[in-house]
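Since the structure comes first, as structure tokens, the remarks are kept for the end.
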Amino acid sequence: MFTTHTHVYEQVVQFMHQYQMVLSGERVLVGVSGGIDSVVLLHLLHALRHKLDIELHIAHLNHQFRGDEAKRDADFVRRLAQQLKIPCTIESSNVPAVIRQQKLSPQDAARQVRYRFFDTVAERTHSHKIATAHHADDQAETVLIGLIRGVGLHGLGGIQPVLNENIIRPLLTTSRADIKAFAQAENIDFVVDSSNSSRKYLRNAVRLDVLPLLQEQFSPAIVTRLTRYAQIFQEDAFFIDKIAVRLYRKICQESPGGIQLDLELFSQQDVTIQRAVLYKAFEALTGVRHELHTGHVRSVIRLFTCQTTGKQLSLPRKTMASRSYNIGYLQKRTNRSPLKEAVSPVVLAVPGRTEFDAILIETEILTEKADEFRMRQSRDTQDVIEQGVDYDRLAGPLLVRFRLPGDRFHPLGMSGKKRVKKFFIDRKVPRNKRHIIPFFVDTQGIVWIVGYEIDERVKLSSHTTRILCCRVYQKQSTTT
């Protein structure tokens, strides 16, 4: 047992008990870099293992940032594990390659790779919890960085004591000064990461310059105050989230292509709930929320609550926001043209069946009067759309394709031709759906924009003797 600074030991015990971080009989994977924070955490958990009835396993990852220094750290952790008789997993990962491939910051790439490593080792070793050495000063730094970057309430809440029910932070209420004093008093060895002194990283600059200045000029207790604010922000965010989750289900519809929002319902909400819904939607789309800052959120809210349609906003993680009339969209940006030119036109079997992209087309030739056809024509549903045209007014083979630049046609009942783009705008067709609407065409031009309108020249009339009946099905809704 430790001889001095027992208040650190007692503080950690109390904090772990408060948040029920571990249960009797569990195995805890401890992330150990070799630095003072993680080594002190390891020693504390090692001293607590009988009291808490837990087993320990050490995990150390070489991020391949610091060459020989990183190898030194791994060797130190290996010797420490042997000294304490704790099983240990040490691996190496090429994080610089991840940075290049995924265009991430060094910190984000390292964090993602490290936590994937922790998850993998935890599964392999049947560990129930993953313990990391985040402490009170880390929490204070995170709050300050959140204010600088303009993050939302969740971001200002900083580091959570327990994340996803399995990641625990036992030192979160313990200050850096207490950790240093504890290590010195107990003669605990550790290694020093030279990159921690580099001010090119924002967190280092906040730790080395901003926090000491605030402590000196304003209050020595600034860390305690900021950690208390973090807890308040976390509690407020939790309460707002409970409300936002219910409304998210009503406002948002998730699909493989992105998220659609009912803007009429969205606009009725308080701006606090609007923000919470957008953060949740961004997280559902990207897996993270911390990269969406308050400036982004304000811009999206302005877009979604104004009356302008057709505008787009670029957002982090290669995503974008747009609106089309009363529908808002959050989607991944792509480099593809919005027009589906890559899908080649297909000649329709007349009569017969034809597959095209995600639809199945059935055609048959009927010899009946136009009025008789209209009387028995099926109503369009979500699964099938039916349309009749004058078969003898068609010119050449009938094809199906997607929209092309410059498309024009003569909408039924109108006085002349119209650009398809203008037709879609007038009909309030959502912008992100226009490129997936099939067009039936012949050698004279557009015959039918599926689900919307036929061309005047192929309309049914009293002179029609043969009707081409076309039915369009979604493939997944069709049985064969």
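Every residue, even glycine, has its Cβ placed from backbone N, Cα and C.
Unlike curated records, TrEMBL annotations are generated automatically.
Straight from TrEMBL, the features:
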BINDING   S33, G34, G35, I36, D37, S38  ATP binding site
DOMAIN    398-470  domain 'Lysidine-tRNA(Ile) synthetase C-terminal'
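Using a 10 Å radius centred on the Cβ of G34 (ATP binding site) and all shown protein chains, the other Cβ atoms total 24.
For I36 (ATP binding site), the same-chain residues lying six or more positions away in sequence with a CB closer than 8 A to its CB are I179, K180, A183, I188, F190, V192. Each residue in the domain 'Lysidine-tRNA(Ile) synthetase C-terminal' (398-470) has a pLDDT score, and their mean in this model is 93. Taking the centroid of the Cβ atoms of S33, G34, G35, I36, D37, S38 as the ATP site, the other same-chain residues with Cβ within 8 Å of it are V32, V39, V40, A133, F190, V191, D193.
A simple way to gauge crowding: the CB of S33 (ATP binding site) has 23 other CB atoms within 10 angstroms, across all the protein chains here. Under DSSP, G35 (ATP binding site) is assigned to coil, being neither helix nor strand in the three-state scheme. Shown are the binding-site residues G35, S38; the one with the most C-beta atoms within 10 angstroms of its own C-beta is S38. Across the domain 'Lysidine-tRNA(Ile) synthetase C-terminal' (398-470), the DSSP tally of helix, strand and coil residues reads 16 helix, 24 strand, 33 coil. Same-chain residues at least 6 positions away in sequence with a Cβ under 8 Å from that of D37 (ATP binding site) are, in sequence order, A133, H134, H135, L171, R176, I179.
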